[in-house]
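So that you can see what the record holds, here are the features copied from TrEMBL:
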TRANSMEM  12-33  transmembrane segment
TRANSMEM  70-89  transmembrane segment
TRANSMEM  109-129  transmembrane segment
TRANSMEM  219-241  transmembrane segment
TRANSMEM  261-281  transmembrane segment
TRANSMEM  302-324  transmembrane segment
TRANSMEM  354-372  transmembrane segment
TRANSMEM  384-400  transmembrane segment
TRANSMEM  406-427  transmembrane segment
TRANSMEM  448-466  transmembrane segment
TRANSMEM  478-499  transmembrane segment
TRANSMEM  511-530  transmembrane segment
Amino acid sequence: MQAFSGAGQEAVVVTLVVARVLIGLLGAPLGSLRNEAKGLAIVTAASMFVEFASKGGTKLRRWQLRRTQAPGILLGSVTLPIVMASRLLQILRMPQHSQAALERARVELWGSLACGCAMLLLLGGLVLWQSDDKDQKQLNNNRDQTDLSVDCKQRGRWGPECCSSVIGIAGPAVILVSELGFTTGTWRIIWCLTHALGCAALFQHLLQAFPGCLSAGEAILVSQGLTLYAGNALIFTLSRITILNGLPEFLMERTGDEIHAIGQALVLGLLLVPVSYKTLLRGLSLKVSNGAVKKGPCMEDVTKVFLFFATVLLVVFLVAPYWLQLVQRLPHHPVLWVLNFVLEEPEARLGLCVYWMLAICLPILALYRMVVKKQVARIMVRKGFHLMVVIMFVPALFFQPDFLRLALSLAFAAFLVIEMIRVWQIPPFGEAVHRFLKAFTDSRDSDLLIVSHFSLLLGCAVPVWLSTSPFMDRPLAPYAGILSLGIGDTMASVIGYNFGSVRLSSSSNKTVEGTIAGIVSMIVACLLLVPVTSTALSAAQFCSLVGACIGAGLVEAYTSQLDNAFVPLIFYALLSL
């Protein structure tokens, strides 16, 4: 009952957020986005059905999901579509927008909806087919089994799970054809089906690679995000290959500048490191260590250490630069380009680097000491990192937004390498990194995957990355992650933990006092930024701003998912309307 209650509360809040976005889509000039509104409404209704049909996620246990009060299927399925919808509305508001840019934003929205449909039909087929008795039997007999194809082979037939996978690929095509029509061109249909196929495959791979680390909603969000990110890189590549003729105009539209390309190449390249590294180890008949820290170094073999660092260096200095030369045609090696970019304004950018080092090192040493000596509750220590992002990123976003975009991409790449070193216990840093990061974890982290630092960084970075479009007309939107996590979430936790007495529900530790404090603090912070980022707000803009803060605050209060990942995206979408 508590799980159903948690799912119901979260669903109501998310539905209100989607309703606000639907109002924006339906209010577009000449009803030009009605089809997109219908698609978003269909995905919302379907995800709500699957959410409640899963009985709090009990029918999804065969995938070894992280247990939460609500599976988060609704929130995970609609988060990226509403972000894409808000970006589409931004372009449409511009009086002289490019038709190719508008078309590409439209296709990206339909791509996210196609990914959502694939996930919902995959999960829905499993939920509707399995009875409670079969659920328990499957959980006991196949506790470690997460691959649908293997499970079907064991049954000796083409099971409904596999059928739902196929339907999950074909389903978005039905929606796209009915809403867009065949006359819009086969490229859009192919593009969205490709996204659906990739998202479904990536979803199953994530749950197989990281059992018990992600909830259903979080796995859907990550799968959709990576699929769209890779799809954007593919668009980027196709738009630069001049030997291809007959491509639609939206594929040829410029998708980003040099900073965007460098970050994309570095991140996607490093995401290929685990595949390359494990392939090399298998080829040499070596094993890689995963999981918890063991006594003493667990990868003392010099060959393994050499292969890991050689793979990383190969990606950073050869693979990524080659792709960049193909799509961006940089005049220099990317490393030299970054150095030249920093030295274009040496005082401001090098000074900002020094400021960041001080803002990182001094507080982290103090916070780590508090954790080790247990002087302060861990939740309060974790909120210290949230305050750090405000101190670090607000001045940088105001004075050096392009440099901040580049720095966030490099920081995320560094986090990827650090997490690989921790997970695989790469000497001589693996065990020390694990002990340090473990000191700041909570119940959502595990030895297999620590997500806290990733989610905090990405929660602040993604709104900044999304706000580089020339069509951005909402100056507060880039601050969405910084304000929601650094101000709203921090104030909600501090006030709720120390002064809260009225719980939001019997199944939640969050309080009414903390929620109100978080919402009010976000409103105040936004109003303080308005004079330095834009002109005075009209009455309608002020109401929209307050509504965005309330929506983000309620999502943070009622969701049982990883709020660092979802709340900034929700806040960004609402601020962009």
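The backbone N, Cα and C atoms fix where each Cβ goes, glycine too.
Automatic, uncurated: that is what TrEMBL annotation is.
Within the chain, the transmembrane segment (478-499) has long-range Cβ neighbours (under 8 A, six or more residues past its boundaries) at 377, 379-380, 383, 386-387, 389-390, 393-394, 397, 401, 456, 459-464, 467, 472, 510-511, 513-515, 517-522, 525-526, 529, 533, 549, 552-553, 556-557, 563-564, 567-569, 571-572, 575. Counting Cβ pairs under 8 Å to the transmembrane segment (302-324), the stretch among 109-129, 219-241, 261-281, 384-400 with the most such contacts is 261-281. A Cβ distance under 8 Å defines the sequence-distant neighbours of the transmembrane segment (70-89), meaning residues of its chain 6+ beyond its ends; these are 3, 6-7, 10-11, 14-15, 17-18, 21, 24-25, 28, 33, 36, 40, 43-44, 46-48, 50-51, 54, 56-57, 60, 102, 105-106, 108-109, 111-113, 115-116, 119-120, 123, 215-221, 224-225, 228, 466, 469, 555, 559-561, 566, 569-570, 572-574, 576-577. Outside the transmembrane segment (384-400), and at least 6 residues removed from its termini, the chain residues within Cβ reach (under 8 Å) are 345, 348-349, 352, 355-356, 359-360, 363, 367, 407, 440, 453, 456, 460, 464, 478-479, 482, 485-487, 489-490, 532-533.
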